[in-house]
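Copied from TrEMBL, the annotated features are:
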TRANSMEM  B:21-44  transmembrane segment
TRANSMEM  B:72-93  transmembrane segment
TRANSMEM  B:105-125  transmembrane segment
TRANSMEM  B:131-148  transmembrane segment
TRANSMEM  B:160-178  transmembrane segment
TRANSMEM  B:204-222  transmembrane segment
TRANSMEM  B:248-270  transmembrane segment
TRANSMEM  B:290-308  transmembrane segment
TRANSMEM  B:315-335  transmembrane segment
Amino acid sequence: MTSRLSGSDLTLAYDHHRRVVAEHLDVRIPDGSFTVIVGPNACGKSTLLRALSGLLAPRHGTVALDGAAISSYRAKEVARRLGLLAQSATAPEGISVADLVARGRYPHQRLLRQWTPEDEFQVARAMAATGVTELADRAVDELSGGQRQRVWMAMALAQQTDILLLDEPTTYLDIAYQIDLLDLCADLHEQGRTLVAVLHDLNQACRYATHLIAMKTGKIVAEGNPREIITAELVEDVYGLACQVIPDPQTHTPLVVPAARSARGARSAG
Amino acid sequence: MSRRLTFRAPGIALRLDARTLWVSGALLLAALAAVTLTVVAVGIRLPLADIAEILRGGGRRADRFVLLDLRLPRVCLGLLTGAALAVSGAVFQSLSRNPLGSPDIVGFTTGSATGAVLAIVVFGAGPVGSAFAAVVGGIATALIVYGLTARGGGSVRRLVLVGIGIAAMLVAVNSYLISRARLDAAQSAAVWLVGTLNGRTWDYVRLLGIALAILTPPLLLLSRRLQMLAMGEDSARSLGVPVAGSRLSLMVLAVAICAVSTAATGPVAFVALAAPQVTRRLTRSPRVQLLPAAITGALLMVLSDFIAQRILAPAQLPVGVVTGAVGGAYLAWLLSVQWRKGNG
Ligand SMILES: Nc1ncnc2c1ncn2[C@@H]1O[C@H](COP(=O)(O)OP(=O)(O)OP(=O)(O)O)[C@@H](O)[C@H]1O
Ligand SMILES: [Mg+2]
């Protein structure tokens, strides 16, 4: 398995290295995969994505992009190869949807070449793919959470990178838009892009991932094809939740069904 | 969103905001009108025909002196310092995401004055020495404010609050120094309490012009990164902006521009605060507009100086008194708006 993006022996920490999130973490993103990262809140998924995209310098270890340390590239060069949809991003006050999406073109622009036909085309295409074309002239801060999420996705798409890292791209989206967005990701994957997405819905993860990474407190506890690794034991181990795993009636991928409250011996109220 | 104009030629592909373009044009015309008004009518009237005659090398000697040695250098210096303060203010407001993050509010201009006053009162410095000390004082103040807030995350709100505190302390320091000085030193130092264009010669224009010619082009080249930084550190970085380096260069240039301009005039209040905000309201654009803000700043400065020279004529007020009075009202309004929005 070849990998353009990988991290080896990573120690990831915040606050001048005082809060250590992960140690001795090795991760390889298989080329051309749709990799999905799952794990409980605060286990370090976003932190790992930030490190893989070069936003967070690891305290120890290196992230390698196309055979060289990611820190050795110029910021713009990284941004032409790898895009990131962050978990919480804020738009500048009053900026319009079209303007925000257009900023995804920044890594491809130069001082005198700021708005080429290619830029125009890619921005229009990204907005159409995420269904935000009708919102083009609206101010981003006046949109609903789900609309905003799709605008940020459009910006990441306009960046036209081979590798796309998405931190919880389906948050705020209603069920139909969640499936739309995952289908869009699957399309991109089929066109040859490498995708890495953090998802909380295990069943969606199992349906769409070609490679699944399960994390727990800064460690990778299992990875591989979801059909092979998702078991009731793994879910119990990672989330501490008793469950049953049955085949998905539509796709025959694993379907995680949490055990009923009574079967879990849930505490009685009061 | 307003209309966009696209310009494409081989090797060039630019997109400009239509409204920003015509607003800038209108501001430019207004600035031109203000300059003309000042040159013609600020004291004894010099009709345009006479001015044209003088510029061709003729005219009466007294008129030549008034125009070439008094009014023109003064109005030119006003244009330069107004534009410089506005650009510096726009950069700081954008980096701090807060209108109150302006160099005149967070103490950088007052710090320049402290440098100059110290040099005059303690070391008996002349005009050149005190201007130099003003540059040093402004930069030192910026370093102190930045140093006090950079530790522990360097939140923007803290930078503004610490800066306002430092500014208040420096005002006290300046008054104290002057009150303890000998009479003649106190007189020349007192000029530094309020910014003024009174008695400024071509020397000031030339020096400031050279300094700005060096400092401004790199700042304009960085203005696209400034736009991107407004998206927050992570987004800017993941779109390919080297965040730390860009922010540092932008701050250093903006501090330097503010410091050299304050060295030429003393601390002129509120232009750095108001010009970018006024521009933003006129263009209705969420982008930081360095050049349009510069035009607004130049216009505000020249107009204020016209008022300063006319209001108690023949006595000439320092321009800082006018900008202080008008700007103070503007600041009160701005604060009340921010307060109501709940992010004051
Ligand atoms: N900027 C930060 N400064 C300090 N600590 C942080 C920062 N961001 C995250 N952390 C800490 O690092 C740990 C991992 O956080 P991270 O955001 O990676 O979790 P996550 O797996 O993405 O969680 P979630 O599912 O809630 O998004 C948490 O304990 C969190 O408190
Ligand atoms: Mg997260």
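Keep in mind that glycine also has a Cβ here, set from the backbone N, Cα and C atoms.
Only pairs six or more apart in sequence are counted, and the transmembrane segment (B:131-148) with the transmembrane segment (B:248-270) gives three or more Cβ pairs under 8 Å, enough to call it a contact. A Cβ distance under 8 Å defines the sequence-distant neighbours of the transmembrane segment (B:248-270), meaning residues of its chain 6+ beyond its ends; these are 77, 80-81, 84-85, 87-89, 91-92, 95, 103-104, 108-110, 112-113, 116, 131-132, 134-135, 137-139, 142, 146, 191-197, 200, 204, 207-208, 211-212, 215-216, 218-219, 222, 225-226, 229, 301, 318-320, 323-324, 326-328, 330-331. Cβ atoms under 8 Å from those of the transmembrane segment (B:290-308) belong to residues 20, 23-24, 27-28, 30-31, 34-35, 37-38, 42, 74-75, 78-87, 89-91, 197, 219-220, 223, 226, 268, 271-272, 274-276, 278-279, 282-283, 316-319, 321-323, 326 of the same chain, restricted to positions at least 6 beyond its ends. Beyond the transmembrane segment (B:21-44), the same-chain residues lying 6 or more positions past its ends with a Cβ under 8 Å from any Cβ of the stretch are 5, 51, 66-67, 71-72, 75, 78-79, 279, 282-283, 291-292, 295-296, 298-299, 302-303, 305-306, 309-310, 313-314. Within its own chain, the transmembrane segment (B:204-222) has Cβ neighbours under 8 Å at 73, 76-77, 80-81, 83-84, 87, 91, 131, 246, 249-250, 253-254, 256-257, 260-261, 263-264, 290-291, counting only residues six or more beyond its boundaries.
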